[in-house]
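See below for the structure under consideration.
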Amino acid sequence: WIHLGGTTQNSSWHPRLLRREEDHYNWTDCGTGATSKVPVTLLICLCGLVGNGTVLWLLGFRIRRNPITVYILNLAVANVTFLLCIATALVIFYGPESLCHRLSLRNLTTVLTITILFAFTASVYILTAFSAVTSLSILPPSRRSCHSSQHVPVLVCALLWALSFLLTITLYFSPAALVVFILSYFLAVLTLIFSAVTLLARVLCCSQQYPPRKLCAVVLLAVFFLPFFTADFGYWLFLRVFDFSIFVFDVSLMLASVNSAINPVIYFLVGSCTSAFTLSVRAAFQGAFEGVTEPQNTGESHSKTTVET
């Protein structure tokens, strides 16, 4: 309401703006606004769920875990959560109208939006930790510190999940905390850039034996695709922070889904690039993450040789 010259005028542009966004899922027209990009995004989400589910199955049960694969497993969990929420929202708001009408859309949309923000934040933080640990392992002192305990990556990932959850809940109750969220995101991006430059120097330099070049290539590709596919998605999240009960489909959702779905493809392609190309997913994943514990084993063998001498 705006008071001008003793008269009262109703400012109606804001309700119209909200109704324009709510037209995608209101009670009378839930499926309005569906475009050809919706089924494409849904297909990307399904492929990403299959790919990241394969990562969880192989690294969780079929391949021996190491400190690096702990970060990969947690990143796959974050990607699965993100893709599952996107796919669920698309099915509900752009699927059969009967399904849309039977649900309490405002509460459901709030839960889905919060979970999307939480999963995206966790994936960025875990990828940042993964790239930082890999780049720091180039330095001799960090080899022993990063691989001395199997529980350190688990603790780091647990702290990152807790931090992501805390930031998301804080944003829900107080949008003013957006400044803290933006600062943490920029810090993560700077860390990713520094790690990418360090690993690129490792790939171009032949003197270093650790970390393996395939592992460096995995991190470089994952870091490269993150800003390329999620630049516009940050603006989508920014708008949702001020009203978590609004879900609007945008091309940025499709690109962000590609970013979460492409990681298993990176693991497979990098692991398969050997002298004998293989189509085995398990063999490709083993090739991508081989030699991760090499410095520790090398140190142990060196100490045994010294004792024998």
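Placement of Cβ uses the backbone N, Cα and C atoms for every residue, glycine included.
Features of the protein shown, as given by TrEMBL:
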- 51-267: domain 'G-protein coupled receptors family 1 profile' (DOMAIN)
- 40-59: transmembrane segment (TRANSMEM)
- 71-94: transmembrane segment (TRANSMEM)
- 114-139: transmembrane segment (TRANSMEM)
- 151-173: transmembrane segment (TRANSMEM)
- 179-203: transmembrane segment (TRANSMEM)
- 215-238: transmembrane segment (TRANSMEM)
- 244-270: transmembrane segment (TRANSMEM)
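If one looks beyond the transmembrane segment (215-238) by at least 6 residues along the same chain, the residues whose Cβ comes under 8 Å of a Cβ in the stretch are 68, 116-117, 120, 124, 127, 130-131, 134-135, 178, 185, 189, 192, 195-196, 199-200, 202-203, 248, 250-253, 255-256, 258-259, 262-263, 266-267, 270, 288-289, 291-292. Counting Cβ pairs under 8 Å to the transmembrane segment (114-139), the top-ranked stretch among 71-94, 151-173, 244-270 is 71-94. Within its own chain, the transmembrane segment (179-203) has Cβ neighbours under 8 Å at 121, 124-125, 127-128, 131-132, 134-135, 138, 167, 170-171, 211, 213, 216-217, 219-220, 223-224, 226-227, 234, counting only residues six or more beyond its boundaries. Mean pLDDT for the domain 'G-protein coupled receptors family 1 profile' (51-267) in this predicted model: 83.
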